[in-house]
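According to Swiss-Prot, the protein carries these features:
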REGION    1-87  region 'Head'
MOD_RES   Ser72  phosphoserine
REGION    88-129  region 'Coil 1A'
DOMAIN    94-407  domain 'IF rod'
REGION    130-142  region 'Linker 1'
REGION    143-238  region 'Coil 1B'
MOD_RES   Ser219  phosphoserine
REGION    239-262  region 'Linker 2'
REGION    263-408  region 'Coil 2'
MOD_RES   Lys290  N6-acetyllysine
MOD_RES   Ser335  phosphoserine
REGION    409-499  region 'Tail'
REGION    441-466  region 'Disordered'
MOD_RES   Ser469  phosphoserine
MOD_RES   Ser496  phosphoserine
Amino acid sequence: MSFGSEHYLCSSSSYRKVFGDGSRLSARLSGAGGAGGFRSQSLSRSNVASSAACSSASSLGLGLAYRRPPASDGLDLSQAAARTNEYKIIRTNEKEQLQGLNDRFAVFIEKVHQLETQNRALEAELAALRQRHAEPSRVGELFQRELRDLRAQLEEASSARSQALLERDGLAEEVQRLRARCEEESRGREGAERALKAQQRDVDGATLARLDLEKKVESLLDELAFVRQVHDEEVAELLATLQASSQAAAEVDVTVAKPDLTSALREIRAQYESLAAKNLQSAEEWYKSKFANLNEQAARSTEAIRASREEIHEYRRQLQARTIEIEGLRGANESLERQILELEERHSAEVAGYQDSIGQLENDLRNTKSEMARHLREYQDLLNVKMALDIEIAAYRKLLEGEETRFSTSGLSISGLNPLPNPSYLLPPRILSATTSKVSSTGLSLKKEEEEEEASKVASKKTSQIGESFEEILEETVISTKKTEKSNIEETTISSQKI
């Protein structure tokens, strides 16, 4: 009875040492990181060692209990039956405990399988995330290509805008030059009109002078006719007087005085006729010269008027052409200004759209990074849970191996005692064969435990390396996003300054 109580206390204390409270152990294992996992592993090793020591002590107690020498030389059958009953009770209790442990072990194995499937799914998701994180270079290349295209379009728009501004400046200069020329032509037209008015005044004066001269010619002709008439009358009177005087003198001396008087009258008449002819000729020459001068002045005036009219007509035609050209240039300038305003509005709208798309991409990138960090944390937690379960499984394995060794040692100690009447009911042959096979596999299980410990160490190192690499990747992505944001801000400021 002392053996059963001792075995029960050792088994329960070893179970509590190894597992304790399930919630506390799972909280410690899930809350701790890589170093916590190693601490829990060392704790489980110490607990397993203590449980193994306890089981070995119980088995030694069993052996001592069975090997304790009796008071007499022979062993009583009643004591052997009591001991076998006690051993059966202990075995049934141990079987129940092992059944419960096997059930828990099966549950844990199923949970481990589920966690392994989740781990594989998370590894696939992590590989996809790594591939996606490796693909941001391609996404970044597409983004950079789109940015280059947008920058090229922006440069083309800015060059077109600068070209339009240059054309507008050239057209403005041409308009100013045409306006100056138009003003100059208008001033020339005004001067020509003033000269035309002056020429018209001169023509009016010339016509008035011609009319005056014509009147003077008519008056002179009338005067000449009057002078001729007076001259004829005087000649007639003189002839009459001469005839009278000749008749009077004839009476005195007809023969001597008559030839002298006729010759004198003839001379006087010739002198008057020559004087009248000279006066008429000089008057006609003066009239002809004056009329020719007036005609020449009138012809010059009419020619100047005609040239002035033609020049005025040409100036008017040029003015109309320049006005039409100015209107066309003004319309072209207004259309270019409208195009510039439309280009500026379109450019501002495109810049706003690109900034919105950049902000959306940055938000998507941040969400992707946070999702990657969350998946990595979940993966780390699952790795920690897997390591904790591996440690717990190793502890169960050590506990089972300790029980197997205890059973094997107890079987050996029982076989070393005096032979019982019927020892076949003490331990079934199936259990004995299982214990012997399990005892033979203890060395292999120890090797497997060492390999699992090394694998857990490698897994913890890999997880730490994955965490470090992920942190480096996060830092690189944050730095790259900051650089792209700075470059985008600088480009927008430069484009706004250019505008």
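Cβ atoms are placed via backbone N, Cα and C, with glycine included.
Recorded features from Swiss-Prot, shown on the structure.
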residue	record	contacts (Cβ under 8 Å, 6+ apart)
Ser219	phosphoserine	none
Lys290	N6-acetyllysine	Leu213
Ser335	phosphoserine	none
I'd like the per-state residue tally for the region 'Coil 1A' (88-129) from DSSP, helix first, then strand, then coil.
42 helix, 0 strand, 0 coil
As a quick check of your reading of DSSP, tell me how many residues in the region 'Coil 1B' (143-238) are helical, how many are strand and how many are coil.
96 helix, 0 strand, 0 coil
Going by DSSP, how much of the region 'Coil 2' (263-408) is helix, how much is strand and how much is coil, in residues?
146 helix, 0 strand, 0 coil
